[in-house]
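Features of the protein shown, as given by TrEMBL:
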- Glu142: active site (ACT_SITE)
- Asp47, Asp141: Mg(2+) binding site (BINDING)
- 43-224: domain 'UmuC' (DOMAIN)
- Tyr52: site 'Substrate discrimination' (SITE)
Amino acid sequence: MGYDQTMPSLCLDCCKPFKSGADCPRCGSARVVGHPELFDLTVAHMDCDAFYASVEKRDRPELADRPVIVGHPGGRGVVTTACYVARKFGPRSAMPMFKALELCPHAVVIPPDIAKYAQVSAQIRALLAKATPIFEPLSLDEAYLDLSPGVRLVDKPAAILLARLARAVETRVGITISVGLSANKFLAKLASDRNKPRGFTVIGRAEAAGQLAPLPVSTLFGVGRATASRLEAAGFSTIADLQDASEADLIARFGRFGRALHQMARGEDSRAITPDRPAKSVSRETTFARDVRDFAPLAQALDLLAAKVAARLLRDEVAGSTLVMKLKTADFKVLTRNHKLPAPTQRAEVIAAAARPLLARETDGRAFRLIGVGVTDLAPPSEADPPDLFG
Ligand code: TTP
Ligand code: MG
């Protein structure tokens, strides 16, 4: 974007605002962001660049310019993170390690150290907390921030706080992040992904609909692969196709989700930013009057417990990302089985459906005196049960 005489601008190195010009008038840096709405927008999303790999590079500076892949080496491993040097050769997250090493044979492979990444994540969250009490982590390496005037802890425009945050993460934690600044969660997350690594991207209210128009419908929050194919089959492949349809038409075709599609296609999103809750898991269990061996009565108990768990999740305004099923055998041996859900949930059917296959695997004639079900890895309800209609 070109900068005219009066473009609100911000230097990403010295974090000072100014009114015009390509380079920072204070420090001369060319790392400058300019946007008409720069100092009016207050919803942000931050995401660490090549998170695991960046932490490993920080700890082994001699690898700074080398391609680094984090993942378990050997036959069946997959890539968890490829650094940006390695990505130039093709390796990506979730790619089988053998394939990544075919593409980039000179990569340095480092096994993941999740405990270390969790520590770094906590350090970053402590920096987020200095800017605002209302931030919502989505995973170890990303979070939404509410930097509106009534909420932020420092009386400066959100853009300045965000530039300071990015700088603080670099200097104090030793890795880089990319940030997005916009009017709501959907646009802020879209923005943060746009100029990685070390990006600072603004999507203004005025340009949102125009920028969304050419993008595929799968860009929208809640449109997974299955929903995207159904939308495409109905003639909606780009967001522009949705923008051209009336709200009534979309509601007639897709029900309540049609309204969400209509709004998101225009860049509107009313989801609130919800800070983390302290509770760590929600579960319910029952001890049988008489030991039970058969799947059917166990599954029936499971359904009841799932309903109780769901009720509690709704009441506490949390959702669970990982399902936990527990059984106690007649001789008091406790088994727990976990299953990572595709998305956090608050719904009894989702909990019960995920628990049943785990139960089926254990009902092999043993007698059980107790069954329990619950969820852990709690997430904010705004991330729960994305409206993937046909998924
Ligand atoms: P991402 O933020 O998706 O990826 P990233 O931080 O590595 O790279 P980017 O610069 O594109 O944001 O995920 C954060 C971390 O989560 C990542 O470093 C490793 C882990 N992860 C996996 O273990 N498996 C996966 O498939 C993905 C996508 C991530
Ligand atoms: Mg990341």
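Glycine residues also receive a Cβ, built from the backbone N, Cα and C atoms like all the rest.
Overlay of TrEMBL feature records on the structure.
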residue	record	Cβ neighbours (10 Å)
Asp47	Mg(2+) binding site	20
Tyr52	site 'Substrate discrimination'	28
Asp141	Mg(2+) binding site	22
Glu142	active site	20
Rounded to an integer, what is the Cα-Cα distance in Å between Tyr52 (site 'Substrate discrimination') and Asp141 (Mg(2+) binding site)?
9
Averaged pLDDT score, the domain 'UmuC' (43-224):
96
Where the criterion is a Cβ under 6 Å from an atom of ligand 2, which of the recorded positions Asp47, Tyr52, Asp141 meet it?
Asp47, Asp141
Three-state secondary structure of the residue listed as 'active site' from DSSP?
strand
Quick one: pull the CA-CA distance for Glu142 (active site) versus Asp47 (Mg(2+) binding site), whole Å only.
4
